[in-house]
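Structure first, then comments.
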Amino acid sequence: MNKLTTIESHFLQLQKRYPEINSEVTDLLNDVAFAAKLVRREVVRAGLADILGLAGSTNVQGEEVKKLDLFANERLINAIGQHGRFAIMGSEENEEIIKPPKFESGEYVLLFDPLDGSSNIDVNVSVGTIFSIYRLKSGEPSQASLEDCLQKGADQIAAGYVIYGSSVMMVYTTGHGVHGFTYDQTVGEFLLSHENITTPEHGKYYSVNEGSWQEFNDGTKRFLDYLKEEDKATGRPYSTRYIGSFVADFHRNLLTGGVFVYPATKKHKNGKLRLMYEANPMAFICEQAGGRATDGYRRILDIEPKELHQRTPLYIGSKNDVLIAEEFEQGKR
């Protein structure tokens with residue numbers, strides 16, 4: 001692998017290898033990469049620019065909005081929408097669908113979480129942007145509506161995330177493997193650093209907020225107890241790694257192997273993570289890397305969405321670990 005392969009060069013190679021991926025799709029991903037550079041610039045200087053802390057409002061989820069959330073949301077809408085490739089967008093921060101600039105010429109749908117893990121911004125923990133891309137169903141950009149956004153995850157044509165941490169990485173898939181790029185600030189480019197990412201079939205870590213233990217159902221509790229039991233034959237006990245930033249926890253488990261668990265609870269019976277712009281894109285990436293993603297009963301990518309901000313339980317990561325989680329959730333163990 002050439003460490004100096006830029007994201008643009010990689011996309012050109014991808015088109016040659018897979019003719020069904022047209023230049024428009026790679027242009028969409030380039031737009032996302034450009035927007036990520038803008039967000040990254042503010043994330044790394046947030047404490048100096050006075051855009052930390054709360055903005056004094058709540059989003060559609062009822063969550064307090066951080067100033068940087070609003071900044072990231074605006075930057076993504078304007079930077080990605082300016083080229084007229086998207087007819088409609090949906091964001092965690094907006095209750096209704098968004099008609100971006102120049103939407104009249106758009107043929108695609110973008111769903112995104114502008115800054116996942118934003119509650120960690122003030123303490124310098126990794127945060128990220130998650131995105132999902134679909135083709136427009138209605139065919140006519142001026143007629144684009146909520147129905148265009150409510151497509152199954154299996155219909156995604158591209159998905160990815162950007163993690164803003166000790167380094168900045170963009171990880172994406174178009175259904176032809178998973179590839180990661182690290183931002184080199186000396187040249188201002190994303191360079192190919194992780195080609196054809198695959199996740200181990202068995203992991204060694206589990207990521208869950210065990211502070212919610214009393215809210216978990218019996219199946220979830222039994223699964224977590226299973227992971228903590230000592231059994232050299234199955235590589236147990238697993239170690240806990242939980243940051244509280246979905247992008248960061250998922251990224252680590254993707255590379256090292258493990259399972260991320262955000263189950264249904266007594267308080268959140270439908271789960272807490274959002275299906276359309278959190279679970280679906282990460283499930284697409286995970287499956288392309290050889291992993292698995294379910295709600296405990298169904299494949300995430302097969303769920304028929306009913307709402308833009310629909311929530312779901314999520315078990316995602318190494319294939320065998322998720323299969324075992326499903327067995328406990330379904331009462332088979």
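For all residues, glycine too, the Cβ spot is worked out from N, Cα and C.
As written in Swiss-Prot, here are the features:
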type	residues	note
BINDING	Glu92, Asp113, Leu115	Mg(2+) 1 binding site
BINDING	Asp113, Asp116, Glu278	Mg(2+) 2 binding site
BINDING	Asp116, Gly117, Ser118, Ser119, Asn209, Tyr242, Lys272	substrate binding site
Within 10 Å of the Cβ of Tyr242 (substrate binding site), how many other Cβ atoms can you find? Include all protein chains, please.
16
How many neighbouring Cβ atoms, not counting its own, are there within 10 Å of the Cβ of Glu92 (Mg(2+) 1 binding site)?
25
For Asp116 (Mg(2+) 2 binding site), the number of other Cβ atoms found within 10 Å of its own Cβ:
29
Considering Cα atoms only, can you say which of Asp116, Ser118, Tyr242 is the nearest neighbour of Glu92 (Mg(2+) 1 binding site) among these binding-site residues?
Asp116
Between the binding-site residues Ser118, Ser119, Asn209, whose Cβ has more other Cβ atoms within 10 Å than any of the rest?
Ser118
Mind giving me a neighbour count for Gly117 (substrate binding site)? Other Cβ atoms within 10 Å of its Cβ, every protein chain shown.
21
To the nearest whole angstrom, what is the C-alpha distance linking Gly117 (substrate binding site) and Glu278 (Mg(2+) 2 binding site)?
11
Sorry to bug you, but what's the C-alpha spacing from Asp113 (Mg(2+) 1 binding site) to Asn209 (substrate binding site), rounded to the closest Å?
20
Suppose we draw a 10 Å sphere around the Cβ of Leu115 (Mg(2+) 1 binding site). How many other Cβ atoms does it contain, all chains included?
29
Secondary-structure category, per DSSP, in which Ser119 (substrate binding site) falls:
helix
Glu278 (Mg(2+) 2 binding site): tally of other CB atoms within 10 A of its CB:
26
Given the binding-site residues Ser119, Tyr242, Lys272, Glu278, which lie close to Asp113 (Mg(2+) 1 binding site), meaning Cα to Cα within 10 A?
Glu278
For Glu278 (Mg(2+) 2 binding site), which of the binding-site residues Ser118, Ser119, Tyr242, Lys272 has the nearest Cα in space?
Lys272
